[in-house]
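Annotated compositional bias 'Basic and acidic residues' per TrEMBL: 14-27, in sequence order. Per TrEMBL, compositional bias 'Polar residues' is recorded for 28-38. Positions annotated as region 'Disordered' by TrEMBL: 14-42, 273-309. The feature transmembrane segment is assigned by TrEMBL to 73-93, 124-148, 168-188, 208-231, 237-263.
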Amino acid sequence: MCIRFALRKIQERRDQRDSAASERETSNMDAANNNGQAEYTDGGPGLIGTILPFVYFPMDTSESRHAYMENLFSGKTGKILSFLPFILVMIIACNNITAAVWSAFGTESILILASIYRSRYNKFVPAVMFLDGGLFLGFLAQGISVLVLDARDVDYNCHLISPINASVLFVVTLLSMIVCIPFTMQYARAHVSAEVSKSSGFLKFNQILTGLWLVLFAIMSISTWCGYVYFRDQTNSAGYIILATVVPIAMPISGAILMPMLIEYLKKKAPQSGQEEGDSTEANGNTESPDLEAQDNGYIKNGASLATE
């Protein structure tokens, strides 16, 4: 009965959207052709469709499904979903290490599949984010290690979970900086125009933001490893609690507090940098300059930042 009611409601929603779907698709195509961002204004399936996505997705229009995905991952829910693998590991780890690692791996796999799905219709979203790919490999390696150790009747120390995952975050962030694709740029890319994303200011802007997270992840990694090395036999001691619990929680919170401050600071600096570069290019007979102001405004307006913000 509930399924029938849900199907009827979804069909009604679909009929209402069909009249406007063509116009929205045309608008999105025009935006893409002009190197702009396609807009997804549909609010999604509502409560019934959220609870029963296997009913909603096959029944509704593709444009509406795309809107639902963009609204889901661009809002607060998207940030919570990004945290979910860590939440599962931290909650379950010392009760059932196997369930913790593999549930985190499964969750990360779903997030990657969602990103791949989004990349098929939104060219501004990469198929696999740096962080998602790194965590996917990290959880997979931990899952295999747990299985191997279980086969040899050796317990996998649950207190290794925190330092290993912190190290994975640090290494992935460092690699993204080395290859000149700061991971924050992958999230920001979905919220700015193609012209802005190709500017040198956009890369420099994200190198600074990613650098902040690199420092925070380094502190988190060092702290958790110190807690494991010096206090692994005293897990109830104040030293272990501070190093292995308080600091890893404080770093993401600090990042969430510092990011808006840093972005605001860079926003104020951008017009000055743009003016200086504009004067230099004008002197050389070139009137083009990176649109740093537009990049900053688009970045801040859409709240583009790390998923762990």
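Glycine residues also receive a Cβ, built from the backbone N, Cα and C atoms like all the rest.
Caution: TrEMBL annotation is automatic and unverified by curators.
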Exercise. Report, as numbers and ranges, every residue of the chain located at least six residues beyond the transmembrane segment (124-148) whose Cβ falls under 8 Å of a Cβ in that stretch; write 'none' if there are none.
Key: 37, 82, 85, 97-98, 101-102, 104-105, 108-109, 111-112, 115-116, 118, 156, 161, 164-165, 168-169, 171-173, 175-176, 181, 183, 186-187, 189-191, 194, 197, 306-307
Exercise. State the residues, same chain only, that lie 6 or more residues beyond the ends of the transmembrane segment (208-231) and have a CB under 8 A from a CB inside it; answer 'none' if no residue qualifies.
Key: 159-160, 162-163, 166-167, 169-170, 173-174, 176-177, 182-185, 237, 239-240, 242-244, 247-248, 251-252, 254-255, 258-259, 262-263, 266, 305-306, 308
